[in-house]
Amino acid sequence: MENFLRKTAWLYLSIAVSVFLLDIITKNLAEKLFTTHVEVFPFLEFYLIYNKGVAFGLLSELPDPLRLPLLLITPVIALIITFLYALYSGDRIVAISMGLIGGGALGNLYDRLFLGMVRDFIHLHIGEYYWPAFNIADASISIGIALLILKYFFTKPALKNLVNRTR
């Protein structure tokens, strides 16, 4: 059991660190390369914007004394919860999901700590209908959540095992 916990922890950490590094590298490249609109496909553009809020720009209008502590504390809590959940779940898919979420949280936390806002540069759209801009960290968090939902949707005993382990 202890060996498996160690493997789960390493899986989580390796994915979280990989996502974090990929996110920071792509954001730094975006700052250098995407100062103007770059159309990759008719539905995909790259250009840099700065987001003071969270997903979809939510909370960006809050005053800094409220917004900044909230947006700095939340990812730290997410990192702790995702690591512990991955560690004690006893499941590789959960560890991968939590690593994606944790790495994404860390990438956006880095931006908030050092820039006061998050760098977004990926823009998807169909015609004039745009999805809000995002980055690798945001995509990683979304994929991690989707993977976790799919896992529990298709394997109900997994949730029962997790509850039994915590008792």
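Using N, Cα and C of the backbone, Cβ positions are placed for all residues, glycine too.
Copied from Swiss-Prot, the annotated features are:
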type: ACT_SITE; residues: Asp120; note: active site
type: ACT_SITE; residues: Asp138; note: active site
type: TRANSMEM; residues: 9-29; note: transmembrane segment
type: TRANSMEM; residues: 68-88; note: transmembrane segment
type: TRANSMEM; residues: 98-118; note: transmembrane segment
type: TRANSMEM; residues: 130-150; note: transmembrane segment
Number of Cβ atoms other than its own within 10 Å, given for Asp138 (active site): 22
Three-class DSSP secondary structure - Asp120 (active site): strand
Tertiary contacts of the transmembrane segment (9-29) (same chain, 6+ residues out, Cβ under 8 Å): 82-83, 86-87, 92, 95-96, 98-100, 102-104, 106-108, 110-111, 119, 121, 135-137, 140
